[in-house]
Amino acid sequence: MNKPKVELKIINPAMAQQLPAYATEGSAGLDLRASIDAPIHLATGETQLIPTGIAVYLNNPQWAAMLLPRSGLGHKHGIVLGNLVGLIDSDYQGELMVSMWNRGTETFTIQPFERIAQMVIVPVVQVDFQIVDEFASSQRGAGGFGSTGKA
Ligand SMILES: O=c1ccn([C@H]2C[C@H](O)[C@@H](COP(=O)(O)OP(=O)(O)OP(=O)(O)O)O2)c(=O)[nH]1
Ligand SMILES: [Mg+2]
């Protein structure tokens, strides 16, 4: 498949051999690795900002990147993101950083170059707001938070 090009800058030369790549043809996420030279011990409840050694410049307001936990780390070890989801703006040019939060019950050791999170490139719609006094009626109206019932 012909994929759109995105500029990537290698900040830590050691990452050059292990750049993010789709693991399978159908993968949505690109795994990001820890750019650290020694293991980091993340105690229960602790959060640390981990560098990835790379930067990407999406350079298109109709795109963004989202950083998400890896399912295995989150489910088995309680390792998720301190900001729950990371949002990368299309004009951000700095190093991609991953906030790692140990919400589990045991200290977790992050190894150098370990895959710590995944990045998904997503389409974005930027809008202009048009101020109105009333909305045209809709089926839902202002009902939310379970207003359609439970079952
Ligand atoms: O998990 C993350 C989240 C954000 N960023 C970078 C890219 C993003 O474009 C920038 C700003 O993120 P965000 O807008 O979510 O943070 P903020 O607290 O609103 O900071 P700012 O005032 O810089 O917008 O930080 C990361 O590297 N990792
Ligand atoms: Mg912001």
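Backbone N, Cα and C define each Cβ position, glycine as well.
Now, the feature entries from TrEMBL:
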BINDING   Arg70, Ser71, Gly72, Asn83, Leu87, Ile88, Asp89  substrate binding site
DOMAIN    18-149  domain 'dUTPase-like'
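Annotated features taken from TrEMBL, shown on the structure.
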residue: Arg70; record: substrate binding site; DSSP class: coil
residue: Asn83; record: substrate binding site; DSSP class: coil
residue: Ile88; record: substrate binding site; DSSP class: strand
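For the domain 'dUTPase-like' (18-149), the model's average pLDDT works out to 97. Within the set of binding-site residues Arg70, Leu87, Ile88, Asp89, Leu87, Ile88, Asp89 have a CB atom less than 6 Å from some atom of ligand 1. All protein chains shown were included, and the count of other CB atoms within 10 Å of the CB of Ile88 (substrate binding site) stands at 22.
Cβ packing within 10 Å was compared across the binding-site residues Ser71, Asn83, and the lowest neighbour count falls to Ser71. Around Leu87 (substrate binding site), taking its Cβ as the centre, 12 other Cβ atoms fall within 10 Å, counting all chains.
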